[in-house]
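Enquirer: Sending over a structure as structure tokens; questions will come in a sec.
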Amino acid sequence: MSEDGPKRQRPNVLITGTPGVGKTSTASLISERVGLQHVNVGELIVQHQCYEGRDEDLDTNVLDEDKLLDVMEVILDKAAEDGTGIVADFHMCEIFPERWFDLVLVLRASTDVLFDRLTKRGYNEKKRSENMEAEIMQVILDEARESYAPEIVHEVPSNTLDDMETNGKRVAEWCKHWEKNNA
């Protein structure tokens, strides 16, 4: 999003967390409830081939950050021009410019819930272990706190459907407040 572009009328929200915590489900709920455009960054990466190769050990593509940021900037500029905001979900948060997001929600899940979700996804042992360790060591939360102003980073539980519903309601209220204060 260009710094000299149009003033935004709606907020941009980033939903982040370890793989398996419920980012996409939460972002979809928020998108429906608040009317923000849902940007599934993982799908964008595949759609626009924003990768430089493959890590076979972790069974994942190697991200081309510059290409992804170029693609995202176009989406954010268009949203601002159209008077809409976005809710993006991705497991990495530190790669995005701070000015892009008004709220960063870091979803957290208990290890037993996360283990079951990652197993259900078919993650191999190494990939599952790495993600479990990242959640235990709160890697994504620490990255969010280091990358964004403390007042916009919020850690929330994401173990149950009730948690997701509560998070959706909180973000909807926050968006109303943001829009009132930024009118």
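Every residue gets a Cβ built from N, Cα and C, even glycine.
The model shown is predicted, which means the values in this text are computed figures rather than measured ones.
According to TrEMBL, the feature ATP binding site maps to GLY20, GLY22, LYS23, THR24, SER25, ARG121. Sequence annotations record features per position, and here TrEMBL assigns region 'NMPbind' to 40-63. Annotation source TrEMBL lists region 'LID' at 120-130.
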Enquirer: Report the same-chain neighbours of GLY22 (ATP binding site): residues 6+ apart in sequence with Cβ closer than 8 Å to its Cβ, ordered by sequence.
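Expert: Within the chain, GLY22 (ATP binding site) has Cβ neighbours under 8 Å at LEU107, ALA109, SER158, MET164.
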Enquirer: Give me the sequence-ordered set of same-chain residues, not including GLY20, GLY22, LYS23, THR24, SER25, ARG121, with a C-beta within 8 angstroms of the centroid of the ATP site's C-beta atoms.
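Expert: Surrounding the site, in chain order, are PRO19, VAL21, THR26, ARG117.
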Enquirer: So for ARG121 (ATP binding site), how many other CB atoms are inside 10 Å of its CB?
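Expert: Summing over all protein chains shown, ARG121 (ATP binding site) has 12 other Cβ atoms within 10 Å.
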Enquirer: How many angstrom lie between the most widely spaced Cα atoms of the ATP binders GLY20, GLY22, LYS23, THR24, SER25, ARG121?
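Expert: About 15 Å separates the two most distant Cα atoms.
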Enquirer: THR24 (ATP binding site) has how many other Cβ neighbours within 10 Å of its own Cβ?
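Expert: I count 16 other Cβ atoms within 10 Å of it.
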Enquirer: Identify, in sequence order, the residues in the chain of GLY20 (ATP binding site) that are 6 or more apart from it along the sequence and have a CB within less than 8 Å of its CB; answer 'none' if there are none.
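Expert: Looking at Cβ-Cβ distances below 8 Å from GLY20 (ATP binding site), excluding near sequence neighbours, one finds ALA109, LEU114, ARG117, LEU118, ARG121, ASN131.
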Enquirer: In sequence order, which same-chain residues at least six apart have a C-beta under 8 angstroms from LYS23 (ATP binding site)?
Expert: ILE15, THR16, GLY17, ASP89, PHE90, HIS91, LEU107
Enquirer: Ten-angstrom check, please: count other Cβ atoms within 10 Å of the Cβ of SER25 (ATP binding site), all chains counted.
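Expert: SER25 (ATP binding site) is surrounded by 16 other Cβ atoms within 10 Å.
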